[in-house]
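A.B. asks: Take a look at this one; I'll ask things after.
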Amino acid sequence: MKMAFLFYCFIILCCVDHRATLEDDQGVPLIAKYFNTKGRYEEVNPHLRRDALAVNRSVLQPPSPQCREIHLTAIVRHGTRYPTARNVKEMQQLHSVVLNNSTGESSRLREILSQWTMWYTEDMDGRLVQKGVEDLKHLAVRLSKLFPSLVSEEKLRGGLIRFMSSSKHRCVNSTLSFKEGLTEMWAIRDVEFGHEVNDALMRFFDQCTRFVQEVDGNRSAVIEVQKFKQGPEIVRVREKIAERLGVPSSFITHDLAEAAFLLCSYEFAVKAVNSPWCQLFDEEDAKVMEYASDLREFWKRGYGHAINSRSSCILFHDLFRDIFNNLSEAVTVQIGHADTLLPLLTLLGFFKDTAPLTSTNFASQTQRSFRTSHMMPYAANFLLVLYDCGEGGIRLQPLLNEKPLTFPGLTDQQASIPLYEDVRQHYRDLLNGCDAETERRQNSC
C-alpha cells in the first residue's frame, strides 16, 4: 500500500512538473513568444503584464532639451481578434480527428478530451474580442502619456487628431476603441469624434493588381513555404503531435498542425488561458511553427518579392506628406492590418536580413531580424514623431511597438533621431518614383 501511495505521489509530481515547465510564473505559455502575428502585445512589452498603462518616456530621448514634439503619425494594427472562418474550419477538423481517431492514453490527450470543448464558430470570422478593445484603449492612454503635448484633450476637441480605418469591422471597432480610450480618460461625453474609412491607404494590397495576381493569388510565389511544409522540420513536428494525440501520423497534415498551434495561440490571446493544445508543442516545435509562418509572411508581404513592398507606395507617400506638409493636424492615427504594416516596414528597409528566408535555411536563421513574433503582435504600431529642435533642425524618430528604431542606412551619431531632411534624402528614390501614378505607369501595380 505504501509503495502504491508513493508511486501515485510520483505521478502527480511529474504531472505538476510537466505543467510547470510549460508556463512561466505568471501562467504565460513558454512558447507564447513564438506566436507570430497571433501573439499578444504584452509578449513584446512584458512590463505591460503588470501595468497595462505603463510608459517609459526616456525611450524618446530627443537630441536636446530644446526639442519639442510637433507631430505624431501612428499606423496601428487592429487589436486581438477571433480566428477567421477558414481557421475555425481547420480547428474543427483537428478536433474531429482527435475525437474520432485517438487511441492513446497520454496526459495531453486526456486534458484535451476532458477539459476542452470546441467553442469557436465560423461566424466569429476575425471579429474584435474584448481583449482587442482593451488593447486599443490602453494604447491610446499610453500614447497620451508618451506625447502629452500632442495627444491631448485640447487637440482632440480642436479637431487636431485625425482618425482613419480600414473598412474591416475589426479595424473600425479598434478605431472606436482607441477613441473611447481617450474620451473615457478625459471624461468627454458631450461630443463624438469621427473617423475616415480609407481602404486605398489601409488595404492598399487589395488595390494593387500586380500584387494580387503575381503574389497573393499565385501559389508559385510562395513555393518556399510549400517546400518547408514537406521538409524534415515540419514532418518531425507533425509526427510528435500525432504521437502525443495518439492518432496515426498520416492524419496530421501541416494544416492541422498549424490549427493546433493556432488553437494554443488564440486560447491564450483571447482568454489568457494556457490551453491543453499548447502541451502538444515543446519550444523546438514552436520555433519551427514560427519559422513556417515567418516564411509565408516573408514571401507574401516582406522581402520575398519587390512588389510586396512597392504595393505600399501610396501609404509611404501619404506618410511623408502627412508628416511635414500637414502640420495643422498634430496627430494622425491610422488603423489597419499586419498586411498594412509589414510591406511598409519592408519598403523602408527595416528588419532586413543578409540572407533571405528559404525552405532550407531554418537552422541558420535563428537570429533573424525578420521575426513577426517581435514585429507584429496584435495592436502593433509604427510611430513617426517629428521634433522641432530649434537650431538643431527638424528631426524624425521612428518607433515600433513603443520602442525606438534606427532608420536603415543612416549612420550618423544621431541616427535614431536624424534630421528630417536626411531621412528624405535617404528615401529620395522612393519619394521621386514610388507613387501610385508612377507605379501604374510602370505597371508595378
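For all residues, glycine too, the Cβ spot is worked out from N, Cα and C.
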A.B. asks: If you have TrEMBL open, could you say which of C389, C434, C445 makes the disulfide with C67?
C.D. replies: C389
A.B. asks: Measuring Cα to Cα, how far is C389 (disulfide bond) from C264 (disulfide bond) in Å?
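C.D. replies: About 48 Å separates the two Cα atoms.
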A.B. asks: Only counting partners 6 or more residues apart, tell me which same-chain residues put their Cβ under 8 Å from the Cβ of C264 (disulfide bond).
C.D. replies: P29, I31, S275, W277, C278, L280, F281
